[in-house]
Amino acid sequence: MDNTISLEIIEVVEQAAIASSRWMGLGKKDEADEAAVEAMRERMNKIHMRGRIVIGEGERDEAPMLYIGEEVGICTQPNAAEFCTLEELQEIDIAVDPCEGTNLVAYGQNGSMAVLAISERGGLFQAPDFYMDKLAAPPAAKGHVDIRKTPTENLKILSECLNRSIEELVVVVMDRPRHKGLISEIRAAGARVRLISDGDVSAAICCGFAGTNIHALMGIGAAPEGVISAAAMRCLGGHFQGRLVYDPAEVNTPESAKWTREGNLARLKEMGIEDGDKVYDAHELACGKDVLFAGCGITPGTLMEGVRFFGGGCRTQSLVISTQSRTARFVDTIHLTGESPKTINLR
Ligand SMILES: O=C(COP(=O)(O)O)[C@@H](O)[C@H](O)[C@H](O)[C@H](O)COP(=O)(O)O
Ligand SMILES: [Mn+2]
Ligand SMILES: [Mn+2]
């Protein structure tokens, strides 16, 4: 995978974030999502690459979403060999969530981002549209905490690995009825809980950086977001584990009511997953030799600022992390969109 692609990929998430942020606070989540999707597609299709969406926003008939199997990039054209280099002709897999936290954007709340992960072909787990039980933790706890252990056990291990008391730990959990027991157990163990309404990708990645005051993510979110989080945590050397949730009773949401346990197990079998209880780590969910994660804040978050408009342009903050460059690069960009802005404010 060409290292220089990361520069263009930053623009992909920047454009998605800018487009989506225009809908910030307007109460229209579908519009916020669609704007991000269209901007992401448009910018990706200008890159000299041969990409294929492996985690997207749905199936082909659900246009205008970036659908699973959609080919993106200039080098997907039939005569690409005439104008693309051998390197650019290598197939790459792309997992996208153009608007991660659509509700957050619609209601003007913190923590939404435009995100994607890329790797060489086959380098990203093609997660089904399932729920996933997740455990993310800082690099110091990698391989010590384990999703198969109880939250209480993991908090003890975390406190030892991070050399702080359990009371000094903050665990992010999605605020959902399914997490009632989990939240009680974390609190009973002495740790503090930060409840979020949406956006568990951001919470997972925050565990990869000291100074965010987030020490673990626990609980059930969506599987596609799990793969994107795993890609980032693989690059950062943090801990990430995920287990697909096939039993609707575990989540008990209107969405899961459409499924049955047996039907889900059959779906997994069709995909070649025999063991529905398998625990995947970051290296399995993002197994490629080269893995890259990029995200751009739509609304302000712990890791990144949101999009800030000024007369004649806007300013974005992005994060790009890759196994190849061994960098976590925060990119601060001023986009000049108008004719001649009167002020370009650095503060
Ligand atoms: O909050 C989320 C929503 O993502 P999006 O639809 O792209 O705006 C994700 O971070 C969650 O991982 C996940 O999608 C969620 O937990 C599943 O939804 P729910 O049934 O409400 O928990
Ligand atoms: Mn999402
Ligand atoms: Mn989304």
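Quick reminder: no glycine exception, Cβ is built from N, Cα and C everywhere.
Curation does not apply to TrEMBL; its annotations are automatic.
Just so you know, the Cβ of Asp33 (Mn(2+) 1 binding site) picks up 22 other Cβ atoms within 10 Å once every protein chain is counted. The DSSP secondary structure for Asp33 (Mn(2+) 1 binding site) is helix. Residues or ranges marked as Mn(2+) 1 binding site by TrEMBL: Asp33, Glu57.
With a cut-off of 8 Å between CB atoms and residues at least 6 apart in sequence, the same chain places Asp97, Glu100, Met132, Asp200, Val201 near Glu225 (Mn(2+) 2 binding site), listed in sequence order. Feature annotation from TrEMBL assigns Mn(2+) 2 binding site to Asp97, Glu100, Glu225.
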Lowest local Cβ density (other Cβ within 10 Å) among binding-site residues: Glu57, Asp97, Glu100: Glu57
Listed in sequence order, residues not in Asp97, Glu100, Glu225 with Cβ within 8 Å of the centre of the Mn(2+) 2 site Cβ atoms: Gly101, Met113, Val115, Gly199, Val201, Ala222, Pro224, Ile228
Assigned conformation of Asp97 (Mn(2+) 2 binding site) - DSSP reduced to three states: strand
